[in-house]
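Worksheet: the structure to be examined is printed underneath.
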Amino acid sequence: MFSWLKKGGARGQRPEAIRTVTSSLKELYRTKLLPLEEHYRFGSFHSPALEDADFDGKPMVLVAGQYSTGKTSFIQYLLEQEVPGSRVGPEPTTDCFVAVMHGETEGTVPGNALVVDPEKPFRKLNPFGNTFLNRFMCAQLPNQVLESISIIDTPGILSGAKQRVSRGYDFPAVLRWFAERVDLIILLFDAHKLEISDEFSEAIGALRGHEDKIRVVLNKADMVETQQLMRVYGALMWALGKVVGTPEVLRVYIGSFWSQPLLVPDNRRLFELEEQDLFRDIQGLPRHAALRKLNDLVKRARLVRVHAYIISYLKKEMPTVFGKENKKKQLILKLPVIFAKIQLEHHISPGDFPDCQKMQELLMAHDFTKFHSLKPKLLEALDDMLAQDIAKLMPLLRQEELESVEAGVQGGAFEGTRMGPFVERGPDEAIEDGEEGSEDDAEWVVTKDKSKYDEIFYNLAPADGKLSGSKAKTWMVGTKLPNSVLGRIWKLSDVDRDGMLDDEEFALASHLIEAKLEGHGLPTNLPRRLVPPSKRRQKGSAE
């Protein structure tokens, strides 16, 4: 599984292909698209102008869902680490937008400080006001997963009577702003209490136009039995069909994305396969980052072109002296007809036009006399960018990506899916080498319980004093812990990396499993006090 992932020097580095294409996109935007946006006030009607940080930033994943669907737990499951300032509980615990990003030390940065940082891609969030900025923060922590991607945690979307309480800022508009800039949108649903509230429907509507980025996760699926899960899945697909409004079916992943034992383990194999598919999607984000930016720039350019035609048409229809206000009202009322006329005259696809009702509302606040007439040179530059410059970048992107070292998201839960017998591999594939454990003469903390673990070990019928990976897996799966967690335990326990466990390694694995079941975390590397005594001696003599 994930055979294309390499553990070499690519970690933390972006391929040269992405840097080259990204710099070209920045130059094209500044020289050919931005002048048109400024001339026709595109930022006042749609999204504000892009900055260098929008092009240079890491891929971002937006996690959204109703309260208590497991959004924060999902993020902590991916990172295998708690997020600073986060809380987990059945009530709406996340009341703000949290940008989870890499940092050398753990800490949080408040929203007002975040939007003035030129290195972060959040400067254009300033117009949403102080109420929103007080509900926005960045959580920084040293984590290998965050070296490749950033994750946006969102407030729990309210349901029932709670959704009538105002947030004090335009929540759907903020979601739309993030949706335009992220690489992947994950919508979480709770299999145990499936519902789509009015606010959630409005939030999903704000994501319209970005359906290609959306992935749906049916979380907490271990709380229901197989027959109930089938009914819940069918109900979810029916509800999504009503809300999303596209004929295409969204990809739905089913699982239980936290590091606790499965409550109903009947569908364990299904959850494993679904988790692997979702992880592949996330791990591929760094490789496809430049392509996504190119795609989003083309989408933006097409909208800017249509916007220029609309604004210039309204300017042309305005009288020079009298009756300006009445004419403005007439033009806004006739906007659907104007859209159809522009579409036929300039041979533009209906999908390139903005939402007519929203455009009518925005136009009410603008002075049409300050609009500009059509500037053919600006439009020619835009058409040249779409027809010539972007087309030249496509083969360059493909060629340079082939020549570059492919790097994916590593660390956290992604590491556990590739460890020992818990990795999906072909029959001839060998277990990958891992990092060696530490050595020390300190007392082994597992000794006091080793007799208990030895009884289990010998009942599993080891061959030549060692337990094979398949036998160990059968026993470990019985603990109902997720495969990604068991994979990390295997990596820590198989100290000599021979793909089998001797009595000491098995005792170590049992100790780590018990610690995890009691709610403790797993170490990133094996601490010196946990390294089996015989392995310390072997390593010492080898040196």
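A Cβ is built for glycine as well, from the same backbone N, Cα and C atoms used for every other residue.
As given in Swiss-Prot:
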{"type": "MOD_RES", "residues": "Ser3", "note": "phosphoserine"}
{"type": "MOD_RES", "residues": "Ser44", "note": "phosphoserine"}
{"type": "REGION", "residues": "320-340", "note": "region 'Mediates membrane-binding'"}
{"type": "MOD_RES", "residues": "Ser438", "note": "phosphoserine"}
{"type": "MOD_RES", "residues": "Ser468", "note": "phosphoserine"}
{"type": "MOD_RES", "residues": "Ser470", "note": "phosphoserine"}
{"type": "MOD_RES", "residues": "Ser484", "note": "phosphoserine"}
{"type": "MOD_RES", "residues": "Ser493", "note": "phosphoserine"}
{"type": "BINDING", "residues": "Asp494, Asp496, Asp498, Met500, Glu505", "note": "Ca(2+) binding site"}
{"type": "REGION", "residues": "521-543", "note": "region 'Disordered'"}
Write down the Cα-Cα distance for Ser468 (phosphoserine) and Met500 (Ca(2+) binding site), rounded and given in Å.
5
Do you know the DSSP helix, strand and coil residue counts for the region 'Mediates membrane-binding' (320-340)?
16 helix, 0 strand, 5 coil
Taking the centroid of the Cβ atoms of Asp494, Asp496, Asp498, Met500, Glu505 as the Ca(2+) site, which other residues of that chain lie with their Cβ within 8 Å of it, listed in sequence order?
Lys466, Ser493, Val495, Arg497, Gly499, Leu501, Asp502
Would you mind pulling the DSSP three-state label for Met500 (Ca(2+) binding site)?
strand
When a 10 Å sphere is centred on the Cβ of Glu505 (Ca(2+) binding site), how many other Cβ atoms does it contain?
24
What Cα-Cα separation, expressed in whole Å, is found between Ser484 (phosphoserine) and Asp496 (Ca(2+) binding site)?
20
Which whole-number value in Å describes the distance between the Cα atoms of Asp496 (Ca(2+) binding site) and Ser44 (phosphoserine)?
62
Counting every protein chain present, what is the number of Cβ atoms, excluding its own, within 10 Å of the Cβ of Ser470 (phosphoserine)?
8
According to DSSP, collapsed to three classes, what secondary structure does Ser468 (phosphoserine) have?
strand
Which has the fewest other Cβ atoms within 10 Å: Ser44, Ser468, Ser484, Ser493, the modified residues listed?
Ser44
Distance [Cα-Cα, Å, rounded] between Asp498 (Ca(2+) binding site) and Ser470 (phosphoserine):
13
What is the one among the binding-site residues Asp494, Asp496, Asp498 whose Cβ has the most other Cβ atoms less than or equal to 10 Å away?
Asp494
Going by DSSP, is Asp494 (Ca(2+) binding site) sitting in a helix, a strand, or coil?
coil
